[in-house]
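K.L.:
Per TrEMBL, disulfide bond is recorded for 35-115, 68-73, 121-325, 201-233. Taken from TrEMBL, the feature domain 'Plant heme peroxidase family profile' applies to 25-329. Summarising the annotation, TrEMBL assigns signal peptide to 1-22. Annotation source TrEMBL lists site 'Transition state stabilizer' at 62.
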């Protein structure tokens with residue numbers, strides 16, 4: 001870790017422990033004795049995967065976001081359907097969209113081999129998000145750890161709390177306020193995660209042809225960008241076609257996302273809303289500041305990621321340490337079921 005980044009991360013960690021979202025049980029040293037190689041194991045899986053899947057970093061950080069926004073950072077997103085669990089994977093914001101679950105499975109299998117019954121699935125998502133950012137050229141930070149895994153999921157809560165790609169700025173603000181995040185600084189900084197990754201035509205094609213029922217495109221889209229998107233995503237075409245969230249540097253974690261917004265080249269409505277909403281002086285000022293100063297963006301992003309990672313974690317004896325991220329321990333069968341009583 002670069003010394004300057006380590007100092008920044010340590011500063012923000014101390015600050016956030018004094019905030020309303022802080023949980024004293026979370027600590028960066030949580031696995032120092034029990035699983036000292038946890039971060040390197042996760043990093044190696046990402047490094048291997050990105051060779052054939054350039055979008056995996058954006059996919060993994062999105063899993064952490066979508067986990068934390070629904071009843072806290074507890075790994076509930078990773079649970080599959082059972083007779084008693086309606087998986088959050090099939091919620092509107094995740095169905096045929098959230099991805100990377102098999103990569104998380106590989107991380108978990110390796111960690112169970114190296115450090116059995118120790119590392120939670122919720123912490124795997126938090127570490128994977130940080131490693132994905134750093135490997136793409138972004139900041140690194142000391143991740144507070146010690147989360148435990150939920151024994152249930154809530155598709156209803158996922159449908160209620162996950163921001164949709166067609167949200168207005170007011171709706172975005174409400175989504176962030178609902179999970180006790182700042183509706184300006186956290187909103188703008190965390191939106192910067194769209195500096196890498198991809199999105200399907202189905203998440204933005206309504207902007208290209210019939211925006212808000214007007215029969216015309218979204219006027220906040222740069223005309224040449226609009227033309228390119230219409231070629232990629234014809235009206236009534238294949239909604240599963242994907243394109244880069246950041247048209248400038250698709251796979252790099254940098255501040256070009258904000259420059260894109262200034263040039264009316266935000267892909268999703270929720271992106272462009274940050275710069276093109278009349279009267280939104282507070283968020284527009286942040287977009288301008290982050291576009292002008294990448295270091296300022298990185299520092300704010302680290303602070304907001306740590307804050308988001310502290311949303312209602314299960315700690316201590318709450319929840320469990322899942323042996324398989326897709327299944328609660330009580331539903332395990334086979335050799336792994338013999339280990340359940342110890343965790």
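Each residue, glycine too, has its Cβ placed from N, Cα and C.
Since we're looking at a predicted model, the values are computed, not measured.
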K.L.:
Excluding near sequence neighbours, so keeping only residues 6 or more apart in the same chain, what lies with its CB under 8 A of residue 35 (disulfide bond)?
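P.N.:
Residue 35 (disulfide bond) has long-range Cβ partners 111, 114, 115, 118, 119.
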K.L.:
Please list, in sequence order, the residues in the chain of residue 233 (disulfide bond) that are at least six apart in sequence and whose C-beta is under 8 Å away from its C-beta.
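P.N.:
Looking at Cβ-Cβ distances below 8 Å from residue 233 (disulfide bond), excluding near sequence neighbours, one finds 201, 204, 205, 208, 239, 241, 243.
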K.L.:
What count of other C-beta atoms do you get within 10 angstroms of the C-beta of residue 68 (disulfide bond), across all chains shown?
P.N.:
29
K.L.:
For residue 68 (disulfide bond) and residue 62 (site 'Transition state stabilizer'), what Cα-Cα distance in Å is obtained after rounding to a whole number?
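P.N.:
Taking the Cα atoms only, residue 68 (disulfide bond) lies 10 Å from residue 62 (site 'Transition state stabilizer').
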K.L.:
Where among the disulfide-bonded residues 73, 121, 201, 325 do you find the Cβ with the fewest other Cβ atoms within 10 Å?
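P.N.:
Ranked by other Cβ atoms within 10 Å, the disulfide-bonded residues 73, 121, 201, 325 bottom out at 201.
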K.L.:
From the recorded positions 62, 121, 325, pick the residue whose C-alpha lies nearest to the C-alpha of residue 73 (disulfide bond).
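P.N.:
Checked the recorded positions 62, 121, 325; minimum Cα distance to residue 73 (disulfide bond) goes to 121.
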K.L.:
If you average per-residue pLDDT over the domain 'Plant heme peroxidase family profile' (25-329), what number do you get?
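P.N.:
That stretch averages a pLDDT of 97.
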K.L.:
Near the Cβ of residue 115 (disulfide bond), how many other Cβ atoms are there if near means within 10 Å?
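P.N.:
Total other Cβ atoms inside 10 Å, all chains included: 16.
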